[in-house]
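Below is one structure, written out as structure tokens; the observations come after it.
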Amino acid sequence: MTTVGFLGFGNMATAIVDGWRSTHTAEDARILACAAHFDALQDKAQQRGVEAVRTARDVVDAADVLIVAVKPYQIEGIFSEFLADVDWSTKLIISLAAGKLNSFWNELLPDGARHISTIPNTPIAIGQGVVVAEDAHTLTDADLETVRALFEPISTLEFVDSAHVSVAGTLAGCGPAYAAMFMEALADAGVKYGLQRATAYRLAAGMIAGTGALQLSTGLAPAVMKDAVCSPGGTTIQGVAALEQTGFRGSVISAIDAVESSR
Ligand SMILES: NC(=O)C1=CN([C@@H]2O[C@H](COP(=O)(O)OP(=O)(O)OC[C@H]3O[C@@H](n4cnc5c(N)ncnc54)[C@H](OP(=O)(O)O)[C@@H]3O)[C@@H](O)[C@H]2O)C=CC1
Ligand SMILES: O=C(O)[C@@H]1CCC=N1
């Protein structure tokens, strides 16, 4: 039986476990987790059939697969407490930490450590995530099979080269926040015109989900999809022109720039 240990059990770690539960993945694994606040952890863990343990060291010692789900800036401090005392070659380490790539882990961990850097996203909680994985890693083929077995049932797993893994992770990992803002803005507009908020959310979310599914299914360029909605002299193009006046696409690109320049 594989033991999967979560170092940190916040938004992303719980989303992954929720995704596993909704897709019957990792059902035969023992799953344990630690967090900063043990009392709150106990509730979150119990709801998900996860064993709450008190320290990071407890997780590391027990885990065959260690999922690093603390904030990126915390990693060195936490690992420094036991770095020299663990045989890292016995662990498969999956990092979720944005910006902590293969080069970081190579420097932190001794030779022989088996690690891969990934950036997941929150829709993984319902088995519809995207996981960006750096194609430079130190895993064996068997480890990669384990990564696939854990993530493919709950996400689209994309391997990306080291030079582009950061922006790929930003697009897919931060993107749900921006998509949610777009959804909220559409709903606010609906409410402004008298629509019930719950109805507006259903419409906006269904529209975003359907548009994404249409692109994935057809492979159409988004520009072509946009053109198909804009009848000549029609109403949609009026909205497109208004969005361009306020720099909609430039705003989105600036958001990605802001994330990338903060790393
Ligand atoms: N949220 C997202 O959409 C995404 C997050 N990520 C990455 O996932 C990682 C986790 O992010 P996220 O889940 O959002 O963050 P959260 O703040 O929700 O979770 C962080 C977890 O770390 C725990 N923690 C804090 N200090 C310690 C410690 N000393 N020892 C053990 N556990 C500790 C916290 O405990 P407590 O709950 O008790 O405070 C919490 O459970 C980050 O590296 C982030 O870059 C990557 C892609 C997307
Ligand atoms: O905002 C964050 O730090 C994390 C990284 C990717 C998404 N959320």
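Backbone N, Cα and C atoms are what each Cβ position is placed from, and that goes for glycine too.
For reference, TrEMBL has these:
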type	residues	note
DOMAIN	3-99	domain 'Pyrroline-5-carboxylate reductase catalytic N-terminal'
BINDING	Leu7, Gly8, Phe9, Gly10, Asn11, Met12, Ala69, Val70, Lys71, Pro72	NADP(+) binding site
DOMAIN	164-259	domain 'Pyrroline-5-carboxylate reductase dimerisation'
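A map of TrEMBL features onto the structure.
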residue	record	Cβ contacts under 8 Å, 6 or more apart
Leu7	NADP(+) binding site	Ala33, Cys34, Ala56, Val59, Val60, Leu66, Ile67, Val68, Ala69, Val70, Ile78
Phe9	NADP(+) binding site	Ala33, Cys34, Ala35, Leu41, Lys44, Ala45, Val50, Ala52, Ala69
Asn11	NADP(+) binding site	Thr122
Lys71	NADP(+) binding site	Gly8, Ala97
Longest CA-CA distance among Leu7, Gly8, Phe9, Gly10, Asn11, Met12, Ala69, Val70, Lys71, Pro72, per record bound to NADP(+), angstrom: 14
Local confidence of the prediction over the domain 'Pyrroline-5-carboxylate reductase dimerisation' (164-259), expressed as mean pLDDT: 98
Helix-strand-coil residue split for the domain 'Pyrroline-5-carboxylate reductase catalytic N-terminal' (3-99), DSSP-based: 45 helix, 20 strand, 32 coil
